[in-house]
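S.K.: Copying in the features that TrEMBL gives for the protein in this structure:
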ACT_SITE  S127  active site, charge relay system
ACT_SITE  D204  active site, charge relay system
ACT_SITE  H240  active site, charge relay system
Amino acid sequence: SAELKCRMKFGIYLPPKAETGKCPVLYWLSGLTCTEQNFITKAGFQQAAAEHGLIVVAPDTSPRGCNIEGEDESWDFGTGAGFYVDATEDPWKTNYRMYSYIKDELPKLINANFPTDPDRMSIFGHSMGGHGALILALKNPGKYKSVSAFAPICNPIQCQWGKKALGGYLGSDVSKWEAYDATQLVKAYPDSRLDILIDQGKDDQFLSAGQLLPDNFIAACTEQKIPVVFRLQQAGGYDHSYFFIATFINDHIKHHAKYLNA
């Protein structure tokens, strides 16, 4: 990666339809500690993606092996925890540019090497990746046809994960953090043409710990008249794991297909 100045991996799924024509692309952003492998091995999305003719791309969650002091010290900062921001602080700012990597470099690479329709692109993710999907859609009106998330970190400037990551990557000026906070960004979103789907498990330990704060995001969307479908999944003991994602993944693929195949 030119943007991250290190070798990066991504997973890509090509539906049968890609053998004969161009297909829309759905980008999946994973959460803390994940690599490009978690989603492709655990989520069970392939059948629905095949049926709807969607290419699915799952990048890694951070640069790796950059030999930055402290990059492997904690699970919620550094390696596996890029938070989909462009870092401005030393020693992170050279490599930790996940926002620009996902927004620009990766789609260019995918479009140059696979049978994609570059005008039809959507994004979704889980936890830190749900945060990433929401901010990318909200910061780039019209770029993505649709957005959805599983248990996203909705208001990072107000939670411990967010304060640690944004403070480390962006410095102590909280006004700079707001540029990567979905609850702040939605307040300035220019129109209502963004249909957001969010699934959240009721028994998610990070929901009760105040790390995800979906209520703050929903309140901001309601105020701005941005359509958001928020489903609190109460039965089944749904937590923050891939069992929760695998249960509802088909609904999310269908949500995106509605816009990507329109």
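Each residue, glycine too, has its Cβ placed from N, Cα and C.
Predicted automatically and left uncurated, TrEMBL annotations should be read as such.
Any idea what these are sitting next to in the structure?
M.R.: Applying an 8 A CB threshold to same-chain residues 6+ apart, the list for H240 (active site, charge relay system) reads S127, A151, G201, D204, Q205, F206, L207.
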S.K.: Neighbour count, 10 Å Cβ-Cβ cut-off, for D204 (active site, charge relay system): what number do you get?
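M.R.: For D204 (active site, charge relay system), the 10 Å Cβ neighbour count is 22.
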